């Protein structure tokens, strides 16, 4: 952009229907701007102009260092959702509430976490990933303290709810993947982050088993705080801003500053610099931004269908996990041993992660061999799920009829748990990969729907899960645990059928998803790389795709027409 051919741009302006600069009402500041730059227009920098300075061009070691810190942040978030449950018995005893009431702290955190993901995600697209993640981590850590020193049960519930609302969740971390990897090469990074999400959930009960057996219940909270504080410090010092539009603002400011220093003014401006602060953060625009993830969830069939698939899958698995204490008590497992019984699920996650590596290689080859095929670019990302999704009902059926206690050995139920783990990881990974590919720079808002479904449904089912296993058909029936798990397996069988329908109907879902379709069209028009922002829909307020002549050599229009230095009078495209 520093070598922008302003004469060519001005020739394009002369041939367009844009109001001539002479027609713009002048004031002293306008005249000064014109004397400096020879134009009234402010020229917006595009990704093409600074691509080698954006996250996409970071060296391999830097990308994976950032991603590893993000991995640890994500583990801490999901660890926070699951470790609390091991303190439920201590809370029940200390405050004289029922065991069911003590579990409300786990349920309320998951439910508010679901809304927290949706509320934080769009702001990471407006203000940047780094400040949003730092603020989220700080607030989550702060709300741990009142829980750890809680004098009564109400304090625990209120502060757990606030902690959930404060959690930005995986939508922001997955948005960072879209900041550093183009859709064609993102899958290894997505697989890594997804592994951190599911891994954090299973780490909680494993660690919690030791805490519950050897320490007071409050140590569940202090361990979470120590872990959360540690990853916040790592994130603060080792993770830079990755959001493309924020980086473009900084690059433009740097180029103008260097131009002033060298006596050669540079007329380039970042995307957010061209919209006044009061316009970007008016009450109406704040509401639009907050609504964006929920609106995408309801109006984008891709987001709705894939989120419900992932959410119901996670809800079924979460209910199944609530049976562990009841199931392994039949073999006289101690509290510590019940915690260790979660290890096979973790092993299933590891197996699924490793199996996805050759599947991703095959997928990359398919996309390379068929660049013009939309199915190759999108639906092929769900191909491996067609083979692994059936592991969910298969694993649940096996678990159901190996969880009836002696004389059947407990190892059978643990093998089933590993099979279920393979399915859970695969469903989460495939749906997230597809959504990041479809929504690119807005993947934080899009994947927020996925996180909302998973956390909300899991939270809602926390309280009825234990009675479900105890009372179907009745606690006096020796096989009641098997019957309850069989019901979940049957529901999972129906869910798996949805995977094949989505794979088959994927092109139809995309055509009916207006935002995804617009992003795909803009990518095609821009020469194959995705745009960093999209105008006029779902709270995407900055208009980065201009009508009329484009800057020579740029893959998308980057000229903001008739943009005086002191006010916004631009005529730009949009819808």
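Glycine is treated like the rest: Cβ placed from N, Cα and C.
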What range among 333-360, 529-556 does TrEMBL record as transmembrane segment?
333-360
I'm validating the feature mapping. Which of 22-42, 43-63, 64-84 is tagged transmembrane segment in TrEMBL?
64-84
Range among 104-123, 124-143 that TrEMBL annotates as transmembrane segment:
104-123
Mean pLDDT across the domain 'Major facilitator superfamily (MFS) profile' (66-510), rounded to an integer, is what?
89
